[in-house]
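Asker: Take this structure, written in structure tokens, and hold onto it; I'll ask about it next.
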Amino acid sequence: MSTIYNFKTVTVVPSYKDFIDIVLSKTQRKTPTVVHKGYHISRIRQFYMRKVKFTQKTINEKLTHILTEFPRMDDIHPFYGDLMHVLYDRDHYKVALGQVGAVRHMVDNVGRDYVRLLKYGDSLYRCKQLKRAALGRMATACKKLTSALVYLEKVRQHMSRLPSIDPNARTLLITGFPNVGKSSFMNKVTRADVEVQPYAFTTKSLFVGHTDFKYASWQVIDTPGILDHSLEERNVIEMQAITALAHLRACILFFMDLSTQCGHSIAQQVSLFKSIGPLFTGKPVIVVFNKSDLCTFDDITAEEQSLVMTAIEECGAKWITTSTLTDAGVGDLKTLACETLLAHRSEQKEGSGRFQAIQNRLYCAVPQKRDNVERPAYVPPSVEEIRQRLASGEPVRERRKTERDYEWENGGPGQYQPNERKTWDLENPEWVDDIIPDIMDGHNIYDNVDPDIHERLMELEAEEDARLQELELEASKKRPQYELHDSTVEAVRFIRDKIKVIKMERAMKNPSLRRTRRQSVAIEKFNKRTGSQVDRSATPGCSSETTNSSAKRGRSLSAAQEAVMRDRSSSHMSTKTTRGISSHSATRDRSLSVNRGEGYRDVNEKLRAVKLSKVVARPRNLQAKKGEGDRAIPNLRPKHLFTGKVKSNGRRDRR
């Protein structure tokens, strides 16, 4: 558990009346509220058992939350444990939390007993009375917490105002008689705005400030003044300082007022220093002679000086003189205290077993000389020259001028034009200022700057030729190894077309396959190209006029459109001619015929299967219409969801 506690997060503890109102209102809101005597008895029992169980569970959760959030004195740091004992009385605090735990156990027993009784309720009235008795006994049990809840709320309010003190951090602890300048020093070294008044016990509790030293944060704790009397006679204000002195591993700053304006003599202050001396065991102590602007250590008598120095030497403490009015010695006191505490903490770590275990594993490797040859550090000649000039008093050479220096020597920016060619290293220095044209004799000068440009060009051309040869070789591999004559190609095309026509004629002769318009069009195209006599007019039931009329159209006709055209053409014929044609016309193909492999015994079985498939597909077809074109309006307010106890705000339903 962390040593820094945040008591501000403890939830507010309600009073007894508020507690009961919270529990019962939650039970009313979260459980059903309507029951009728006509319901089955098991439903009525369940209704009231739910009420009792929910109330018992709610009280248990609330009381458990209180017990969990309040700290246990045995589990927290001893400093906070003793501080809470001083402020709130450990026994009273434990009794209050114990009462909360006892009432929680009592409520659980009441709920368990009445749930058992409700299982045997034989009517709505009896179940209701059992529920009423259960809630009443729970409320009566919670009434015993009236004083405990009030006390815990006061403790919570006071705990939320306690300072956040880390018992293990670097700490400077200020102590001494009242009105000796402790709070003034606190305000000087930290930003804590502690009240300072010219009377005693202005500071009535612990105040914490923070300061920085060597890039680390330090706690500075201002304690209330302590009077020189027995421990039993000290009040709560003084006991807070005693608790801090006893438990915090800090550097103790004991302030003394040699001018005795605090109302206590030097002897009394020395007596207090000796009486609380056992609390300084194992801690660095610094005695601060404050208010040096009024009285210094040299201004007091020799007897007082010897008395003070004897007490300091017995304790093994250090001493320093300061003045918070003139800031004399304030910074030195802060530095001395921090350095002393750091040294003390280092000594404690060195004496620990962990430090010894780590120290035994450390090894410091020191290089040894391999021969007698001296190998001094290398110093550049320029640096050695500067050292010699400095030793002899000669002026050191000036540094090399840069272009910026020349710029400011010649008028500043905009007036000086730097010469970028003066650092060029050419074969002939006279070539530096030569004017180089961009184009000469129709050639770009920069194309011939490279002396190897001709060789590079030849290499590039050779690479391009090799690449072209590779591409030609790949293309030659993709070409066919032989080529056909045009007449041979035409003969091959004629043979392929003839094979297609033969396949179409065979398909038309087969009665199981229907002849399509696309096949007839393909035959006509073949007749036009080859001069063959394969014509649709030879087909029974189709006249040459129909063929001619369809040939004039740009689009192919479907079977239905062909039938219409035949009807129109036949309307111009006489009745006898029509009868003659109809008597010799071909028979109509069956629309539903059983083909091999379909698995039907006859046409009737196939018709029955088609009808059943339509029936099965009907629900899916009904759902398929849902979309932008769907105009069906479903029931938007189903009665089973909107009947019952529904308030206007819409937050309650029938349950």
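Note: Cβ is positioned from N, Cα and C throughout, glycine not excepted.
Pasting the relevant annotations from Swiss-Prot:
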BINDING   176-183, 222-226, 290-293  GTP binding site
COMPBIAS  395-407  compositional bias 'Basic and acidic residues'
COMPBIAS  529-551  compositional bias 'Polar residues'
COMPBIAS  571-585  compositional bias 'Polar residues'
DOMAIN    170-342  domain 'OBG-type G'
REGION    389-420  region 'Disordered'
REGION    526-593  region 'Disordered'
Asker: Is it possible to get the count of other C-beta atoms within 10 angstroms of the C-beta of K182 (GTP binding site)?
Answerer: 28
Asker: How many of the residues that make up the compositional bias 'Basic and acidic residues' (395-407) does DSSP mark as helix, as strand and as coil?
Answerer: 5 helix, 0 strand, 8 coil
Asker: Validating a neighbour-count step here. Other CB atoms within 10 A of the CB of N179 (GTP binding site): how many?
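Answerer: The answer is 21 other Cβ atoms.
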Asker: Note down the number of other Cβ atoms within 10 Å of the Cβ of T223 (GTP binding site), including every protein chain shown.
Answerer: 24
Asker: Write out the long-range same-chain contacts of I226 (GTP binding site), meaning residues 6 or more apart in sequence whose Cβ is under 8 Å from its Cβ.
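Answerer: Counting only residues 6 or more apart in sequence, the Cβ neighbours of I226 (GTP binding site) under 8 Å are T175, G176, F177, P178, R234, E238, A241, I242, L272, I276.
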Asker: Around S292 (GTP binding site), which residues of its chain at least 6 apart sit with Cβ under 8 Å of its Cβ?
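Answerer: Spatial neighbours, sequence-distant, of S292 (GTP binding site): L258, T321, T322, S323, A328, G329.
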